[in-house]
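If you check TrEMBL, you get these features:
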- 1-29: region 'Disordered' (REGION)
- 5-99: domain 'Something about silencing protein 4' (DOMAIN)
- 8-29: compositional bias 'Basic and acidic residues' (COMPBIAS)
- 111-136: region 'Disordered' (REGION)
- 116-136: compositional bias 'Polar residues' (COMPBIAS)
- 235-260: region 'Disordered' (REGION)
- 250-260: compositional bias 'Basic residues' (COMPBIAS)
Amino acid sequence: DTPDDPLTDDHFLKTHNRAERKEKQLRNIERERAMHEKSQLERLLDGLQGHDWLKVLGVTGVTDGEAKKYQRKRDYFISEVQALIDKFAQWKEQEKRLRLRKDAAQARLDAATDEAGSTASSIEPPSSDLNASAARQLQQETVNAVKASTSASSKSKGKLAIYATASATSQNSTPLPTPGLSRTMLPPLPPSPEVPFISFYSKRHLRDAALSKSRQTTRNVTAFGHPVPDLTEQEFALPDELVTPDALRARARERRRRKR
């Protein structure tokens, strides 16, 4: 059994989903603000095009003859407000096109996935062919197993004869071991069981503190369970190969060539 992943995808997806939700929320706020500004501009345009346009411009107490002097300013404000409203309309059309393009791409992807699944299911061999191939494979494995067992039994017989001859020779040539020496020899220790990999951190509370949502990221910065060393500040300096006389002359020639 494989141990559970200490850093599953859910741990990273939570952070990314949180940032994605915040970005979507900010985008919705900007869209609502833009629609509010558009409604204000439309109301201002209606006021400038109405009969109380002088009041909209902040001009009061003038006669009809004096009102003609503000006609150019009125036309200018109307053109500017209309241009802003047209920009909002273009932005709305662009948003609509992007949404339609995204939906079309998703539809094409779904259609391609469905087509690939139907193609894979259509090219599967029939059940009779599968049964025949499975039977042939089982028969071949049985033949191979019989051959392997026969060769292994013949080899074991030869090894037993060789071992009997060698043991008889060793009993005649080597003396018997003393009982004291055999008493001091200890049996080999059993192999230590393999400990499954669970976490990069040696202690559980360190891992919990690193994976907690409310932790201070600037307090204990770790990477794969080990503390990240502090970086020493130093003045920036170009590499030695860039400040050689040849490199400086080549750079000067290139600068002069660009100025030409």
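Quick reminder: no glycine exception, Cβ is built from N, Cα and C everywhere.
Each residue of the compositional bias 'Basic and acidic residues' (8-29) gets a DSSP state, and the totals for helix, strand and coil are 21 helix, 0 strand, 1 coil. Each residue in the domain 'Something about silencing protein 4' (5-99) has a pLDDT score, and their mean in this model is 87.
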